[in-house]
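**Q** One structure, as structure tokens, below. Some questions next.
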Amino acid sequence: MLRTEGLGYWYQDKEQPLFQDINLEFEEGQSYAILGHSGTGKTTFLSLIAGLDKPREGDIFLNDRSLKQIGLTNYRRHDVAIVFQAYNLFNYMSPLNNLLTAMAITDASHAGDRGYAQRVLNDLGIGDDLITRNVQRLSGGQQQRVAIARTMCCDAKLVVADEPTGNLDEDNTKEVIDQFQRIAHEQQKCVIIVTHEPDVAARCDHQYRLENKQFVRLA
Amino acid sequence: MNFFKRAWLNVWAKKGRSVLLILVSSAILMFVLAGLLIRSAAVKATETAKTDAGATMTLSANRQAAFKKMQSSSSSSSSKSSRPKLTLTPVKLSDAKSIAKLSNIKNYNVTSSTTANAKSYDTVSTSTGMGGNSSGGPGGMKSTSSSSGDTQIDGVTSTALTTDFTDSQSKITKGRGIKASDKGTNNVVIEKELASQNNLTVGDTMTIKETTGSKSTLKVKVVGIYKASSTSSASAGPMSTDPANTIYASYTLANTIKGSKYAGTADSVTFNVTNPAKASATKKAGNKLISSKYSLSTDDSSYQSIKASMNNVEGFANKIVWLVAIAGTIILALIVILMIRERRFEIGVLLSLGEARWKIVAQFFTEMLMVIVIALAIAGVGGKFVGNQLGSQLVSQSTTTQTTSSGTSSQPGGGGQPGGSGGSGMRGGAGGPGSTTSSAKTKNPDLEIAVSAVDLAELGGFGLAITFLSIMIASGGILRLEPKKILIS
Ligand SMILES: Nc1ncnc2c1ncn2[C@@H]1O[C@H](COP(=O)(O)OP(=O)(O)OP(=O)(O)O)[C@@H](O)[C@H]1O
Ligand SMILES: [Mg+2]
């Protein structure tokens with residue numbers, strides 16, 4: 001589904017790229033974990049496949065169409081859903097309105113369907129008492145679940161997350177990873193998670209480690 | 001359009017911030033409105049000044065020509081008299097009538113002055129003790145008679161048309177003023193002090209005595225009593241009679257006292273001009289109708305001074321409008337820039353969802369628009385107040401400027417006016433009675449500050465422009481923001 005070809009990126013110095021000549025493939029219905037030491041370029045890599053930045057070298061293909069062809073804004077709107085470590089939500093809205101807003105912007109097939117958004121939230125343990133409350137009055141774990149619910153409501157087949165459990169305790173972490181697994185297996189989406197935590201990585205279908213400018217596949 | 005909903009949700013959820021923005025915007029718009037109000041009031045006041053202050057054109061004997069004639073005659077026969085006499089030809093009323101037919105002439109006032117002596121009553125003597133009953137004015141400038149009486153007779157067509165009355169320096173307190181229909185009658189209007197000193201009231205008769213010719217006596221009937229203001233008595237020179245001894249009558253009565261050869265003449269005729277802006281063109285047209293023995297002079301100084309001071313106010317108001325608009329745009333732009341920085345995560349999420357940048361700008365614009373609409377309403381109420389305060393301040397300031405410059409009788413520069421106050425000391429002089437001499441006491445029109453639909457529309461335009469510009473300036477930040485920034489933070 002998603003394929004990188006000779007992907008390379010550097011910030012200032014071309015001679016010191018973060019990674020180089022990366023050729024990877026990600027499939028629908030599978031979850032992938034990306035591990036690596038701090039500062040190796042995991043977030044940078046994620047920003048490229050999320051369409052938030054352009055590669056310096058090589059190209060990324062979605063179903064054999066290059067992102068350049070698709071256009072980054074268009075790609076972000078229709079093909080990829082992103083979960084950040086924090087600040088995922090519109091802080092002046094309720095969980096329900098956050099979902100409805102994202103569905104409207106991304107032209108999701110369920111756009112405007114409050115009932116659908118409500119069911120998805122309920123499914124993730126955001127009860128009816130919480131869904132119309134301002135998101136700032138939700139716990140970190142609840143907020144992160146709302147962000148995950150958002151990716152479930154939108155049609156994008158690719159879901160990327162940058163340390164989505166970085167701010168969460170053990171129980172919430174487990175809960176969130178379960179949801180990502182459901183997205184991959186039940187919704188048949190491709191989930192790519194950057195994480196520091198080996199436990200989190202272990203629960204994904206595939207694991208990669210970024211070291212020495214290369215992605216190394218772990219057993 | 002999803003951004004409308006987002007804008008509304010944001011404005012509603014962040015009420016505190018919205019209220020602050022509304023307050024700042026109201027303050028800015030209030031000053032813009034104050035400027036707009038003062039400007040439109042100044043424009044209106046200038047319009048009114050055209051008709052109210054008006055301009056006058058005076059037909060009188062050509063002093064220059066007469067003076068030349070006198071000089072030449074005195075040089076040719078210098079032995080005859082040590083003191084050559086200046087003979088001024090009285091104005092013919094037929095000339096006045098033909099000038100009055102010009103299109104820009106509203107109406108006219110004939111003035112003919114003379115003096116007479118009191119017979120059945122006592123004249124008022126000036127309280128300073130300086131006033132004798134002897135002299136009518138400084139020097140032998142009088143054209144009408146060489147010997148002067150103790151009572152000044154100001155013959156007019158209508159007292160309502162004389163400057164003293166139009167300026168409200170004199171006011172009718174009892175009875176009525178002299179009217180055009182008093183022509184040929186012996187009706188007079190006397191001063192309050194003279195009336196009370198002699199126990200005279202409306203309906204009484206009094207007797208005066210001519211100073212020349214047969215020196216016959218004349219019975220006149222009091223039809224009205226007027227009160228001269230203290231200003232007019234203060235302006236009288238030490239040698240003149242007390243102003244209270246001035247009696248207004250029809251010009252025909254004054255002519256009768258002067259003598260039969262003065263019938264159908266006048267010292268001067270003052271025409272009120274309809275459109276002061278065209279006064280000089282009217283003067284040109286009028287000059288074609290009269291002989292060189294006479295001259296026409298225009299006085300639009302009060303119009304000019306009002307125009308000048310209102311132009312000042314208008315110019316100042318314009319500057320306020322633009323300064324406040326520019327400053328307001330900068331202030332709002334800075335606030336919006338700060339707001340955008342604070343909302344960079346939200347912008348990052350929107351961009352990561354694939355939202356178009358222009359729609360994000362549109363959301364901010366819509367939010368500001370909601371704020372501005374409420375601010376407009378507040379400013380509409382408050383601007384009138386600020387405008388009133390500022391307006392009265394401005395007018396009193398420009399009046400001060402005027403008084404200063406008229407005291408030095410300067411050119412009309414910087415809101416000043418040509419001084420004319422020197423003339424009012426010359427009562428009974430060559431220009432005729434005070435009615436023809438321009439008085440410098442131009443009343444500045446009060447600025448009428450009222451909020452009209454046009455003002456509000458203009459304010460709305462400014463509000464929109466300020467909002468639009470400040471969002472445009474600030475949107476550089478939105479357009480430059482990379483969604484990746486919120487990933488790596
Ligand atoms: N905008 C930037 N300009 C220059 N250098 C940058 C920029 N963003 C990141 N870097 C550098 O690039 C390297 C990779 O950054 P990146 O955020 O991708 O690392 P990471 O693997 O996600 O690290 P972490 O695990 O700590 O999140 C780091 O050394 C970082 O300092
Ligand atoms: Mg990172």
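Glycine too: its Cβ is placed from the backbone N, Cα and C atoms.
No curator has checked TrEMBL annotations; they are predicted automatically.
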**Q** According to TrEMBL, which stretch among B:249-269, B:459-479 corresponds to the feature transmembrane segment?
**A** B:459-479
**Q** Looking only at residues six or more beyond either end of the transmembrane segment (B:320-340), which have a C-beta under 8 A from one in the stretch?
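**A** Cβ under 8 Å, 6 or more out: 17, 21, 24-25, 28-29, 31-32, 34-36, 38-39, 347, 364, 368, 390, 462, 465-467, 469-471, 473-475, 477-478, 481.
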**Q** List, by number or range, the same-chain residues at least 6 past the transmembrane segment (B:360-381) whose CB is under 8 A from its CB atoms?
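**A** Result: 1, 3-4, 6-8, 10-11, 18, 21-23, 25-26, 28-30, 32-33, 332, 336, 339-340, 347, 350-351, 451, 456, 459-460, 463-464, 466-468, 470-471, 474-475, 478-479.
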**Q** Can you break down the domain 'ABC3 transporter permease C-terminal' (B:320-394) into helix, strand and coil residue counts using DSSP?
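**A** Reading the DSSP string over the domain 'ABC3 transporter permease C-terminal' (B:320-394) gives 70 helix, 0 strand, 5 coil.
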